[in-house]
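S.K.: Right, I'll just put the structure down here and ask away after.
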């Protein structure tokens with residue numbers, strides 16, 4: 001390979017032109033990736049994930065990357081069977097110690113999808129309609145992963161030197177909980193991650209038509225509150241009126257959690273929430289978000305708050321409590337006159353800085369036991385917390401955000417919004433806790449991509465402009481003062 | 001057939017002796033009936049109900065009965081398909097205008113049963129263990145129907161004249177809601193029912209080891225309370241904190257129904273309840289019912305009330321409210337972070353004299369709308385009452401109860417307890433409303449028969465002594481002043 005000129009503004013122009021010219025090939029390659037049903041929800045179908053990971057690894061190899069398929073061992077399933085986990089791709093391109101090193105995280109598994117769930121097109125056949133590319137994984141997360149690879153490809157095709165060292169960590173179990181990835185991160189912290197300067201994740205979406213950089217995600221404490229009554233399910237005709245019903249107790253306990261304005265009633269739980277700073281407040285004002293359009297999208301006449309700022313703050317930087325359902329009670333259509341023996345209420349509290357899940361667990365448990373004790377019921381209450389994921393928040397003055405902002409300006413001609421995700425992406429916090437590196441999310445998916453839903457899509461524009469964004473991001477990272 | 005002597009006390013002794021001698025044949029016949037899986041819960045399996053009805057009809061014909069299989073037409077299923085209902089047996093034995101006419105109601109369909117549900121024996125193979133006959137339908141209601149037929153058979157075998165005229169109304173859809181039977185009763189009110197003096201139902205159980213006569217059942221108003229929120233199920237991470245959640249509204253609304261002492265909170269609903277009379281109060285004192293043993297059976301340490309009288313009164317003659325479950329929320333094991341779009345709470349209120357279901361519907365609907373309005377939620381509330389069954393109560397001074405009491409004294413040597421059922425048996429109230437005839441329940445099933453449960457059984461003793469009870473009941477009815 002001949003020595004290539006150092007990339008520059010004009011070099012980027014050539015790269016952008018190349019990406020535009022190659023766009024049909026890039027869409028075709030996405031079509032091939034979408035055709036592999038790498039659904040991680042069903043261990044029986046994990047062969048397809050392995051196939052998808054091999055296709056990804058081969059692609060990285062054609063770009064000159066060294067690829068390791070890191071083994072994660074086996075996982076015990078609820079039925080007692082042991083299933084071997086798909087591996088994780090750890091890869092790196094040619095390394096130059098003078099350049100900063102960017103580690104790109106992505107995943108190539110997908111959520112389940114069936115035509116009969118209500119898809120208009122076959123979910124595993126990428127189909128373009130009015131500029132949108134419909135298919136499972138188009139946005140979450142095969143499209144973005146390919147966009148990263150195509151950005152690399154563009155530099156190489158034009159024989160331009162990529163201005164950063166690039167590593168990839170690509171998994172096939174994200175939608176199933178990233179099983180084993182945290183352990184792998186710890187194991188490779190002093191090796192694979194040791195020379196990494198920046199970790200970038202492109203596994204989320206914008207919140208409007210405007211590009212965005214993401215600096216935070218909420219965590220999640222998920223609770224089971226179980227009330228156990230009599231020996232077996234009973235007939236409400238025969239026993240109703242004589243027995244302390246577990247369901248009545250549970251309903252009362254669940255009703256003590258949150259009021260009709262969304263305020264969490266568990267004492268002290270809001271005390272740990274980081275106060276809203278003036279700088280943060282200002283940040284919310286500038287975000288592009290059409291509240292009226294959002295109401296229409298959601299099909300509601302009213303939100304819990306009236307202003308854009310309040311709504312976004314309560315989605316992103318304040319805790320929220322949702323009651324998801326009850327296990328053990330009658331749930332079918334029709335009627336059944338049962339007094340259920342044991343019922344398990346399920347609710348979760350989204351975590352924000354500086355909440356501490358173990359503290360939250362204590363507060364919730366104590367509170368529910370107190371509420372229950374006041375009922376003087378002979379039934380048994382048990383509170384457990386099967387999920388505990390911490391929030392992630394980055395410092396938006398981190399240089400990586402500067403590079404991200406500049407890359408957005410270069411490609412889209414606008415300043416990106418600084419946004420958060422209300423949902424939980426544990427991998428960001430895990431990377432942060434274990435590696436201590438700079439982490440940013442650089443989404444290219446549109447607000448209406450419908451990740452996890454029927455008719456998931458990415459627009460051709462977002463896919464191609466996103467590829468340019470990534471190429472520009474390489475350049476902007478290299479322009480930062482070397483860390 | 002030669003003229004038979006009129007039955008007398010000594011005649012009954014012979015009949016009892018015959019029943020004892022024939023008991024193995026009677027058990028064998030029950031075994032044959034139990035072997036037919038006449039489960040009415042699944043319309044696909046209604047062929048088995050028709051087969052069971054034909055076997056029953058043939059048996060009645062061998063006793064010299066005229067049998068009509070009354071057609072009930074078709075029923076529209078939830079999936080839109082129309083399914084032809086199994087017929088109802090209307091039969092009568094030889095008629096003598098000088099004798100009173102007894103109409104015996106029973107059913108030969110059963111609840112679902114599968115070995116894997118936790119049966120110790122095959123549910124459709126009647127199996128005798130320690131004096132108990134285990135099998136689906138042994139107690140509910142094939143055993144009692146056969147006991148009636150064997151009582152007739154005993155008179156005939158001994159060439160004794162049956163001292164009453166006998167009619168049968170035997171259905172195959174009781175466990176599925178007696179579909180069509182109310183209409184048939186109305187249609188045949190002036191024909192089949194016109195010469196009936198007494199209707200007897202033996203489709204329930206004792207409440208202790210002591211025989212009982214049943215004079216009341218509670219009715220039931222079943223409610224759906226639906227809260228509809230946003231356009232579709234949403235992710236609690238993304239939207240939690242910004243949206244009025246339907247589930248939170250529903251939990252609050254359900255929590256307003258009943259307090260921890262079982263007291264119904266809907267205003268005025270208790271006002272219609274008939275006051276407890278002194279005579280009634282006394283009746284409760286005499287009932288044999290071991291509260292401590294009952295606690296142990298239920299697996300509870302405490303009931304809502306401390307005395308036998310209160311417990312029985314609250315099961316039988318006061319209303320009760322049970323919350324059965326929620327449709328539309330997350331009900332499975334594990335975790336799901338969903339904000340359900342639409343949830344339907346299900347609860348029911350057992351009805352007692354003099355509650356009026358249409359009044360109850362109004363009270364409940366108004367109350368829930370008021371509670372909901374106070375939440376100031378933009379979600380939609382809908383309250384419906386898909387089931388409305390009135391209570392049934394008989395006058396215990398009715399001559400039929402005199403005959404019942406005497407028959408119990410003859411066979412068991414004790415005075416029966418006068419009991420009620422807390423559950424709803426709409427057929428009694430329907431017969432009462434339409435025909436205006438004297439109605440009594442004469443149970444022969446034991447308190448621990450486990451109707452609707454795994455390991456349903458009837459003891460051999462109850463089955464055989466019950467057959468004698470029915471034979472004696474024919475005699476005692478004939479001894480009443482002719483009505």
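From the backbone N, Cα and C atoms, a Cβ is placed for every residue, glycine too.
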S.K.: Among B:47, B:197, B:203, find me the residue TrEMBL lists at the same Mn(2+) 2 site as B:107, B:140.
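M.R.: For the Mn(2+) 2 site that includes B:107, B:140, TrEMBL also lists B:203.
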S.K.: Per TrEMBL, what member of B:369, B:452 joins B:140, B:175 in binding Mn(2+) 1 at one site?
M.R.: B:452
S.K.: Other than B:140, B:175, B:452, which residues of the same chain sit close to Mn(2+) 1? List them in sequence order, counting a residue when its Cβ is within 8 Å of the Cβ centroid of the site.
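M.R.: Output for this site, in sequence order: B:110, B:111, B:137, B:141, B:174, B:451, B:456.
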S.K.: Let me know the DSSP-derived helix, strand or coil state of residue B:235 (site 'Important for catalytic activity'), please.
M.R.: strand
S.K.: Among the recorded positions B:107, B:109, B:140, B:174, B:203, B:235, which ones place their C-alpha within 10 angstroms of the C-alpha of residue B:452 (Mn(2+) 1 binding site)?
M.R.: B:140
S.K.: Which of B:109, B:235, B:452 (recorded positions) reach within a Cβ distance of under 8 Å of chain A?
M.R.: B:235, B:452
S.K.: Does anything in the same chain, at least 6 positions from residue B:203 (Mn(2+) 2 binding site), have a Cβ under 8 Å from its Cβ, and if so what?
M.R.: B:105, B:106, B:107, B:140, B:141, B:144, B:174, B:425, B:441, B:443
S.K.: Would you mind giving the whole-number mean pLDDT across the domain 'Peptidase M20 dimerisation' (B:215-374)?
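M.R.: Mean pLDDT across the domain 'Peptidase M20 dimerisation' (B:215-374) comes out at 96.
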S.K.: Please report how many Å separate the Cα atom of residue B:175 (Mn(2+) 1 binding site) from that of residue B:109 (active site), as a whole number.
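M.R.: Per the Cα atoms, residue B:175 (Mn(2+) 1 binding site) and residue B:109 (active site) stand 7 Å apart.
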S.K.: So which of the recorded positions is most packed in, judged by how many other Cβ atoms lie within 10 Å of its Cβ, out of B:109, B:140, B:174, B:175?
M.R.: B:109
